[in-house]
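Please read through the structure below; I'll follow up with questions.
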């Protein structure tokens, strides 16, 4: 029978989140529906809200439920997520936050598309999209199970209600709503769970945590050491290339603040993990068959995944458990909104605009993003209701983010001159094959390759094949890029074979990527021959050769626009005159002295300029 008091508490928490989300949406400048304003809150997130929303990058329903479960099943040493994600924020702040924010990017995929072309960027969008959608679906599914445990509410009803509210206020306020509801989310988690811990700890059925029979610390078997290291590295470096993180980085007012927020949020991740760690330890010290719990004992996998709501339900008074339940519900809903917004932002900007509608207006992009928010939200909800192993799907996508996206993002941010589209595609294929060949026991995918130390009983790869796949992907990206560049520039391969048009066969009409503005804001798009690219500014200088600029066709940015236009017109007239003179048999070059004038070089058509102008 449904617990009416529990339902009332949930409704109150949901109303709080909804009201805050709608109020925050009103902070958006009236009439300003630009990409920056909606996707990045106008890059105006303050320090206080910024700390909370950056911490909420990883701290949500899945984080606290998963931490408690890990403590109960495997012990503290196997609870790697809090430390792994905290270190991912530290390394993200050290190596990525500053350069990404300085360049004025809008999404994580912008630098990838700058280097590898729009279509390759679209291919890299797939693992990023899947990761965000499955993450949202997983935490929605966990919420449904939590409510069914504590207040006996139908899990379908709770999932649909939660996702509907999250979609509504995200649609209304964009990142403003996401950021400000994150503040409420963290307060709910911290206060709600800490309120429950004293009651659970002092419950008559809970034994002392120092009891020798209560092993909540755990240990790592010698044969599991490489497996342990593999997962640790996956959490640390695989936790960087996520749009939910860079969404916060790029919304910061300055690059320095983006770094500061990353470091403070790392400490916040550790701090917010303390309550679920204690709850998991309390659960480990509880003989559940002596409580009001009537399910199977020892607990099965289905029960251990719900260990946190079970502690709230059976070890605390009702009025206390409702506060904890509200904390979990608010956390889940506020985590789902950021994933939905991240996936929708990448689709609207990096797929719809940069691949299919490059001349789309900003209002059109915003409407596409709003439709994408609804579609992604519905997709995540359907998955949460129908797919039994959401965690397995998210685990697989998280691995793909690590082995595919991390090497490529590392290269384009710090070593852009040493990678191109050929290397990117080869690295993508190699990384995907190696990861899939390792199988996934949770999804029932058999391992095509049994790496050293393969456990036949549990079908587990103990060899660190994920990190191996990431390193091979990185090496492939560097080697293939170097080899193709060497082959084309040495003349061993003719320019016509440069199919992706990113080494020597660069179209003359590729837009020039301008230098980053000093304030780090988005660069504007200018019409005419000196047009700048979309907001993702280049990280390379005037020798860019990866599909954005042809060095032989470089224009002089120091010229005034009016002077440049005049020289371009003069160049065009000269070319027409040359063609007319050639057609009439006269000597070429009549009146052709002006040419490029003060540094504006004459555009020369490439051998196969009739090909498609877009890189792969």
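Positions of Cβ are set from backbone N, Cα and C atoms, glycine also.
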According to TrEMBL, which listed range is transmembrane segment: 463-483, 484-504?
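TrEMBL lists transmembrane segment for residues 463-483.
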TrEMBL lists transmembrane segment for one of the ranges 365-387, 526-548; which is that range?
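In TrEMBL, the transmembrane segment feature sits at 365-387.
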In TrEMBL, which of 281-328, 569-616 is tagged region 'Disordered'?
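Checking TrEMBL against the ranges 281-328, 569-616, the region 'Disordered' one is 569-616.
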Need a quick answer: max count of Cβ pairs under 8 Å to the transmembrane segment (226-246), which of 258-283, 393-413, 425-451 is it?
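Per the Cβ count, the answer is 393-413.
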Would you mind listing the long-range same-chain contacts of the transmembrane segment (365-387), meaning Cβ under 8 Å and 6+ residues beyond its ends?
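Contacts of the transmembrane segment (365-387) (Cβ under 8 Å, skipping residues fewer than 6 from its ends): 33-35, 38-39, 132-134, 136-138, 140-141, 144, 156, 159-160, 163, 166-167, 170-171, 336, 339-341, 343-345, 347-349, 352-353, 393.
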Quick one: do the transmembrane segment (6-24) and the transmembrane segment (319-344) have at least 3 Cβ pairs under 8 Å, skipping pairs fewer than 6 apart in sequence?
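Counting Cβ pairs under 8 Å, at least 3, so yes.
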Hey, would you say the transmembrane segment (70-97) packs against the transmembrane segment (258-283), going by three or more CB pairs under 8 A that are 6+ residues apart?
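Result for the transmembrane segment (70-97) with the transmembrane segment (258-283) is yes.
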Please indicate, using numbers and ranges, the residues of the same chain that are 6 or more beyond the transmembrane segment (319-344) and have a C-beta under 8 Å from a C-beta there.
5-6, 9-10, 12-14, 16-17, 21, 39, 56-57, 59-65, 128-129, 132-133, 135-136, 139-140, 142-143, 146-147, 150-151, 162-163, 165-167, 169-170, 174-175, 177-178, 181-182, 184-185, 188-193, 195-196, 199, 242-244, 247, 308-309, 312-313, 369-370, 372-373, 375-377, 380
Below 8 angstroms Cβ to Cβ, which residues of this chain, lying six or more residues outside the transmembrane segment (258-283), approach it?
47, 50-52, 54-55, 57-59, 63-65, 67-72, 76, 79, 81-83, 85-87, 89-90, 92-94, 97-98, 100-101, 186, 189-190, 193-194, 196-197, 200-201, 206, 209, 214, 216, 248-250, 252, 307-308, 310-311, 315
